[in-house]
Structures are given as structure tokens and as C-alpha cells.
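Taken straight from Swiss-Prot:
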type	residues	note
ACT_SITE	79	active site, proton acceptor
SITE	21	site 'Important for substrate specificity'
SITE	80	site 'Important for substrate specificity'
SITE	165	site 'Important for substrate specificity'
């Protein structure tokens, strides 16, 4: 797909995620990409596993199988984890579970960790893994407001049972760190790394044909 934005890619890019939100971010940045997902279920956290360690492991589990199918591409996968007091909160199993999760988050500070796994062309065995952590404070809403939010259906597929980019924005009173990270992709960190590796370049930069140099996709 060809889209307009501040960046373009010097090699094929494959997003190993079916998340519409992650796709929207790359699309808005102008990075052409295709989508291919691993198809397997996400790994479960190990008892006592830290949120950062789990997010990084899960991101790689989603990315590596796809990278093996696209050796000539840069393959990017991601995972987002919500943790309260160091305990990982997954996606709600139903309305009652969502209410329990939102009650726990209401009036408290929690962390959102998004990790990215990047497999450079021809180098799927040595992925680059990065992550970002954002602190989020949720307003102490009463059960009536929480139940009304759950009734919208939005929490069903969201880590922590809320989506800051949608209706769930009203739940959050403050964040410290990257907003895109809470949505599901640490965009600044990801683009910085991709530009450093030569995978993406600013759209206004000279093309390889103009300056006589081939793109440098560094491992």
C-alpha cells in the first residue's frame, strides 16, 4: 500500500499484527507495509514474570514465525501489557471480569508496557527488541460509569479492559510517557530504531537513485 506521511521505507515492511490501531499508526507515518500474523495464540505469562520481560517475550513470539516467511523484509511485531502493582492484567474474560479489572484500576496508577520485535531483512535469528513504559492514572469512577463503559463492548479485546484511544479516554485522568505506547505501539522508539537501521527514511530525503547510494539496512 502506498500512503503519504513523514516517512517511507527502503525495504519491504511486514507488520506481524492484526491490530487496527498499530496498522493506523504505521499508515499515518507513511510507511508502506503488508500484514501477516503468526496465527498462534499469545504465550501466557509465567508466574512472577515481570511485565517488561513478558511483553518482550510475547512480541518475539508473534514476530519470529512471520519473519521466517519473509526473509527479504523487515518484520515488526508488538505486544502490549497492563500491569497494576507489578501484576500483569490480561484481557477480560467477560463483563464481570472487566468490571473487576476496572475497579482495581480506578483511582490508581498502573503501567502500560508495549514491546516491539524487529527482524531485519535476512536476519530473523537476531531480532532487535525494544520497549517503552507509560504510567497511567485512572479516575475513580463509580460502578455505574464503569458498567456503562463495559456495555459499549469496547473493553472486550483490550489489555486492562479499556482503550485510551476510544471511548475509554474518559477513564484516564493523567499519563506520564508515550500516549501511542498506551494505545499499543511505542511509536517514537520504533521509528527512531527503524531510521537508525536504515529501514525508514524521511519522505523528503534524497532517493538512492538521486544520491548514488543504496539503502543501508544495518543489522
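Cβ coordinates come from backbone N, Cα and C, glycine included.
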Between residue 79 (active site, proton acceptor) and residue 21 (site 'Important for substrate specificity'), the C-alpha gap once rounded to whole angstrom:
12
For the residue listed as 'active site, proton acceptor', just count the other CB atoms lying within 10 A of its CB, please.
26
Using a Cβ cut-off under 8 Å and a sequence separation of 6 or more, which residues in the same chain sit near residue 21 (site 'Important for substrate specificity')?
165, 183, 184, 185
